[in-house]
Amino acid sequence: MVFNKKTIEDVDVKGKRVLVRCDFNVPLQEGKITDENRLIGSLPTIKYLMENNAKVILCSHLGKPKGEVKPEMSLLPVAKRLSELLKKEVVFAADDNVVGENAKAAVKNMKDGDVILLQNTRYRIEETKNQDNFSKELASLGEIFVNDAFGTAHRAHCSTVGVTKFLPTAVCGYLIQKELEFLGNAIENPSRPFTAILGGVKVSDKINVINNLLEKVDTLIIGGGMSYTFARAQGYTIGTSVVEEDKIEYAKEMIDKAKEKGIKLLLPIDRVVTDKFDESAEPILEDDKNIKDGYMGMDIGPKTAKVYADAIKDSKTIIWNGPMGVFEFKNFAKGTFAVAKAMAESGAITIIGGGDSAAAINQLGFGDKMTHISTGGGASLEFLGGEELPGISALNNK
């Protein structure tokens, strides 16, 4: 995909009310933000608008309140932290109906360069149904719409798509621009050898991604829970490991397709297994492609990790989506760590496709060694699968 959308730099924002859809869906513990990467990611767009004398109206969802007012999902902590990060008060419009008296009064009193944040858009049941009445209310606050929430770009909601019906000037912010340029270039014009690493539990979540990437990559590496479905497709025993019976045939087809296209498809040759899914479970090395009855695979083994690391070191572009094992359990994080370390040392263009891989990379301390960590789990998956993202399609073309 070639990046052809208008950005905030293509429109005159001076003195204008600009409604910005951000992704402030951050983890909260007792009202404290435990990971503020998404807030940091939104700052360049917000600062640009402030410096160019726009009146900045921010909106986002947080969690899944499903149309109910849930105080623990209020965006108040986000407003407080943003005020600190921007060194300027971000006025919080605390309306349970999102566009209420507080929001309207705050917008009315805005001066150029001011910033307000609306309440959680998913407090409204209409938001996820993309219903016109709520889209219209949101749009009534602004004159220009900016979407900078890559994490929800694959959702057609009021605050991502619906508002563009009523605010014809709709452009993207810096974060979406950066995401599309990195992911788009990696897929359409990669420096080669180009390697994709796929992990996580389900093959079914990644079917489009595998199909699309097999048209583009030189090497495809598979780990995580989904690798057991591939192991079954190769005729190996997998004990009590997770498997998608209805995807074994598909895995066989993909193994054949890779062979046909001359693509290196790397699958595990040894495993770390255990007899119960538990953090305290003892890791046992299974130095074989077969897993014994009563045992389940929890991570790739050291031989596999070495083969994968060598392939990574030979690459010029690497995209990674999904961990190699149950990295949340210390005993089963070595495979994910080995892949992360190899990527950090590769000197290649390294792109992490959001979600669990982003969490793993940051947790293991390799975040600053990656070229780009995507802010969108589902969105980056759909994009890598070659699908249109409604939140992007709705924006003005250049």
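Note that Cβ sites are derived from N, Cα and C of the backbone, with glycine treated the same way.
Feature annotation from Swiss-Prot assigns substrate binding site to D23, F24, N25, R38, H61, L62, G63, K64, R122, R155. Other C-beta atoms found within 10 angstroms of the C-beta of G63 (substrate binding site) number 15, with every protein chain shown included.
Summarising the annotation, Swiss-Prot assigns ATP binding site to K206, G297, E328, G354, G355, D356, S357 and lists sequence analysis as the type of evidence. Long-range C-beta contacts of D356 (ATP binding site), restricted to its own chain and to partners at least six residues apart, with a cutoff below 8 Å, comprise G200, G322, P323, F327, G377.
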Neighbour-count leader, CB within 10 A, binding-site residues: D23, E328:
D23
Which one of these binding-site residues has the most other Cβ atoms within 10 Å of its own Cβ: H61, K206?
H61
Using C-alpha atoms, which one of the binding-site residues K206, G297, E328, G355, S357 comes nearest to G63 (substrate binding site)?
G355
Among K206, G297, E328, G355, S357, i.e. the binding-site residues, the one with its Cα nearest that of N25 (substrate binding site) is G355
Out of G297, G355, the listed binding-site residues, fewest other Cβ atoms within 10 Å surround the Cβ of G355
